[in-house]
Amino acid sequence: MNPNLLEKDLRGKETTNGSIRYKEANNFRSLPNSHTAACKTSLNNPSISRNHPHNKSASVLESEDEHGNERGENEKSLRMRGKSGINTKVCSRGHWRPTEDAKLKELVAQFGPQNWNLISNHLLGRSGKSCRLRWFNQLDPRINKRAFTEEEEFRLLAAHRAYGNKWALISRLFPGRTDNAVKNHWHVIMARRTRESQRQRQQPPPTLSRDAEMTVSSSCRYNQGKFINEEDDDDDVSAVSTCTTELSLTPPSSAYQPRFFNYDSTLASGKDGQCVQRAEVNGIYGKKMDHQNHHTISVSERKVEMKMRSGYYYFDFLGVGAS
């Protein structure tokens, strides 16, 4: 082969008789118009070209991004873990168990009540702050756990009026009491007072009810110049008259004014020669009760009425009758 015919261009491609021998240029010149349009749209829309099934570079970039995210998450998780490989950020927020309290007492006795981060490393699931609060509020042997006395409650209310909600400052006035205990007991006192005030509001006033009714009745018989109780002599039929006193107290429906009692007795004819003595009551309701007025009273009954009103009774020893 003639060495003059073989030449190299600036790109390192071999040429024969001045013609370029790489097919890419010829193929690019012979591309149809549809393919060139698709290339232009792919350049304008990078998302379409990236998601094209024949685009291998896009898939490679996506796999690199996924590996990068996983690597970042692993580094973050390792950063959150301590030297022992335990995730110290995950702490239980439930109630303290007796085993945890016993373990905390042992650790405080070993390291002292100040190295709380070191103590929390030996107590799984608890932070340093949680251990400190548990110790100073519940487990410290210097805490006074007895009930508050009346004198302490009085001083607590006075201190709250003076200092407000500064519980740490108020707790210094109560040796052995924590700020949390002082605050909780103040709320207990306020709740107790609220219940007592509500109970007093619900109680009815101490007045007589309008539906109350009191009836007092007494009966006696007047026989031959003396009064005899009906329970003592039920078989005696020679009674001249029988007097029955009824006191009734019923509330009226209208407004009232307080008055004194006024006793007004009348004798009304009853059955079988009985006379009924009724009393009108002007009570706290200030209105006279309805009563029965009987105008047909016999002569003997009128004499008994006159004797009763005059204050003495007529005794017929000779049996001649009243004159």
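Just so it is clear, glycine is given a Cβ too, placed from its N, Cα and C backbone atoms.
What Swiss-Prot records for 1-14 (among others) is compositional bias 'Basic and acidic residues'.
Residues or ranges marked as compositional bias 'Polar residues' by Swiss-Prot: 27-60.
Here Swiss-Prot flags 66-78 (among others) as compositional bias 'Basic and acidic residues'.
The domain 'HTH myb-type 1' (88-139): residue composition by secondary structure is 33 helix, 0 strand, 19 coil, according to DSSP. Taken from Swiss-Prot, the feature domain 'HTH myb-type 1' covers 88-139, and the record attributes it to sequence analysis.
Positions annotated as domain 'HTH myb-type 2' by Swiss-Prot, on the basis of sequence analysis: 140-194. Model confidence over the domain 'HTH myb-type 2' (140-194) stands at 93, taken as the mean pLDDT rounded to a whole number.
According to Swiss-Prot, the region 'Disordered' annotation covers 1-84 (among others).
Per Swiss-Prot, the feature region 'Disordered' maps to 192-217 (among others).
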